[in-house]
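*Asks:* According to TrEMBL, the protein has these features:
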| type | residues | note |
| --- | --- | --- |
| TRANSMEM | 29-49 | transmembrane segment |
| TRANSMEM | 91-111 | transmembrane segment |
| TRANSMEM | 118-137 | transmembrane segment |
| TRANSMEM | 149-169 | transmembrane segment |
| TRANSMEM | 181-200 | transmembrane segment |
| TRANSMEM | 212-232 | transmembrane segment |
| TRANSMEM | 244-263 | transmembrane segment |
| TRANSMEM | 269-286 | transmembrane segment |
Amino acid sequence: MLSLCICGTAITSQYLAERYKVNTPMLQSFINYCLLFLIYTMMLAFQSGSDNLLSILKKKWWKYILLGLADVEANYLIVRAYQYTTLTSVQLLDCFGIPVLMALSWFILYARYRVIHFIAVAVCLLGVGTMVGADMLAGREDSAGSDVLIGDILVLLGASLYAVSNVCEEYIVKKLSRQEFLGMVGLFGTIISGIQLLIVEYKDIGSIPWDWKIALLFVAFAVCMFCLYSFMPLVIKVTSATSVNLGILTADLYSLFFGLFMFGYKFSGLYILSFTVIMVGFTLYCSTPTRTAEPAESSVPPVTSIGIDNLGLKLEENLQETHSVVL
């Protein structure tokens, strides 16, 4: 379902660009952040206690500014990269975010992976490679952009910022709350994207030939993006940011299926193969849970502060308490 939401944002953006020559990624993101602000930030404003908006801002305002900046710029850099490099390069280099995400999860979330997780990631990346090969055989490969190196660097930066945003999202939704993450992203995402919108896209917005079809495409994009942001924390909370990113690799394939009818893409059997390979890797990854390296607290009291007799008495009390709990 998350992949279908991403597919919806891709299709509407491409339709706006190809049919109506509208290229306003920051405006589209700004509308999404405004929706998050109106719903989730307002929910925080009316809550009481430590979950209140003002209480959160007093304690962690600078952290959420950095999170909002990472999220906004990740969205912008990936879309901007299409102007410089090829679709194939974006699809391949965008996968750089997965190993970055795993590394950040290792050091920040103390996630510990098993061999099967690395094998699963390799299988998913193999599926992406198969999909890129199918793109080239089907003629979907774009011509080189104006500066491929700049485009590739933008993709790598965008993928890394996505990884930072996803790791922060996993920490917040598991340790704090989904409403806090979405509310803070909505607040600072609206401010940051609004400022950037006025700087980089004011001319493009002024030249949009507005009619009901263009407005409907903007609404469809906003709905898909809002659903993606609203539902992703729910999935991350019961799985992990890494598994979610592996699963949404299928979004490009859903975009292809829609593109067969809307943009005249050519079909290749390799697309079905790549979808199967990605889903096999995704299933492998989810089949074995990751573990954390956080040390478990011992129920046995430290020996240094009590004598041998007291230690025996304490252990006897612990055994009695455990027996009562079992009963």
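Residue numbers in this text run from 1 along the chain shown.
Just so it is clear, glycine is given a Cβ too, placed from its N, Cα and C backbone atoms.
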*Asks:* Let me spell it out: take the transmembrane segment (244-263), skip the flanking residues so only those 6+ beyond its ends count, and list any with a Cβ under 8 Å from a Cβ in it.
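*Replies:* Result: 2-4, 6-7, 10-11, 14-15, 18, 91, 95, 97-98, 101, 120-121, 124, 127-128, 131, 166, 232, 235-236, 271, 274-275, 278-279, 281-282, 285.
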*Asks:* When only pairs 6 or more apart in sequence are counted, do the transmembrane segment (269-286) and the transmembrane segment (29-49) reach 3 or more Cβ pairs under 8 Å?
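*Replies:* Contact between the transmembrane segment (29-49) and the transmembrane segment (269-286): absent, because fewer than 3 Cβ pairs are under 8 Å.
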*Asks:* Counting only pairs 6 or more apart in sequence, are there at least 3 Cβ pairs under 8 Å between the transmembrane segment (212-232) and the transmembrane segment (29-49)?
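*Replies:* In this chain the transmembrane segment (212-232) contacts the transmembrane segment (29-49) - 3 or more Cβ pairs sit under 8 Å.
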*Asks:* Do the transmembrane segment (149-169) and the transmembrane segment (91-111) come together with 3 or more C-beta pairs under 8 Å, pairs six or more apart in sequence?
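*Replies:* Taking Cβ pairs at least 6 residues apart, the transmembrane segment (91-111) and the transmembrane segment (149-169) are in contact, with 3 or more under 8 Å.
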*Asks:* Counting a contact as 3 or more Cβ pairs under 8 Å, with residues at least 6 apart in sequence, do the transmembrane segment (91-111) and the transmembrane segment (118-137) touch?
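*Replies:* Yes, these stretches are in contact.
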